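Annotated features, as they stand in TrEMBL:
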type	residues	note
REGION	58-77	region 'Disordered'
DOMAIN	123-284	domain 'Yip1'
TRANSMEM	129-149	transmembrane segment
TRANSMEM	169-191	transmembrane segment
TRANSMEM	212-233	transmembrane segment
TRANSMEM	239-260	transmembrane segment
TRANSMEM	272-293	transmembrane segment
Amino acid sequence: MSNLQEVATDDLLSFQDYTVPVHVPLVSSTVSVPVSQIDVSGNLKSTSVQLEGDMQQIRSSSRPVNVPEMGGARDANDEVPPAKSFWTIEYYQKFFDVDTKDVLERILASVTPKWDNSLKHHLRTKPDLYGPFWICVTLIFTIAISGNVANYLQHASTKYHWKYDFHLVSYAATTICLYVTLVPLTLWGLLKYTSITSDIEELEQDSVTPGALELVCIYGYSLFIYIPAAVLWSIQLYFLQWLLVLISAFISGSVLLLTLMPALRLSKNKFLLILGIASCHVLLTAGFMLYFFHVPNTLPAYMPQVVTTKPVLPLVNDTSG
């Protein structure tokens, strides 16, 4: 026991911390990294070598992974299509890109006035010109044909020599085309000019105010009710004709006002605009009936042509004197 030499405890037991820079890979993996080692004998070489081997294994297992950015970079092969010119047919193809289901839903919405603005709901995302174009063309020929039928029925009981009036086609086409283009464009300008909005309400105005194409589309679909009305107007009953005027004007005008009401509320002259829209629609309806279908009862009776000849007196030669 006397030969034993007492050694300090601090020389046998020592602690040392290691700060290990770890590159965390994107692939989830569990790696045990020793952070501290206890070396009772004071020899730390084996521990350092083992730690360096573990770090090399971690670096070799971590491979960079290419992560695309949000939105992704546009592929080099994806090119933005060039803008179509206003004077080309391709520019107007998008306005006729609808199917039969869309057109039928919009026609049904144009004859069923609802407070939920069903027509605007169908037109807001994708207004078209296909439905308004064919509705206007059908209405033009329906008015022309039915107007001539009404004229024929009015003179069927007389000896009046009836003939087809081809001018009704051009008159109906001019009236309908002017109404479905000039009135919506004028209304669009008035809505832009009379709307009073602040910067906060500007976003709301853009969401409820229809564009020029939407207004043309709305007015085009609103004329559908006049196609069956034009056929019934050929019946020469004065009471029935005016009843059809009131019904068709009320249904079509109600759809227009209910569809445009959110935009009209933002105008400082909303009452004048509402009155103007309703007045133009009533005048159009009454004009259709009075000009193309209503024949006045005070027609001149058929008068046969009577050829009268004046007596020709023979010349008498004066032989006197």
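Just so you know, glycine gets a Cβ as well, placed from its N, Cα and C.
Counting only same-chain residues 6+ beyond the ends of the transmembrane segment (169-191), those with a CB under 8 A from a CB of the stretch are 132, 136, 139-141, 143-144, 147, 209-212, 215-216, 218-220, 223, 260, 263-264, 266-267, 269, 273, 277, 280, 284, 287, 291-292. Outside the transmembrane segment (239-260) by six or more residues, the chain places 109-115, 117, 119-120, 187, 210, 218-219, 222-223, 225-226, 229, 232-233, 274, 277-278, 281-282, 285-286, 289, 293-294 with a CB less than 8 A from a CB of the stretch. Mean pLDDT for the domain 'Yip1' (123-284) in this predicted model: 87.
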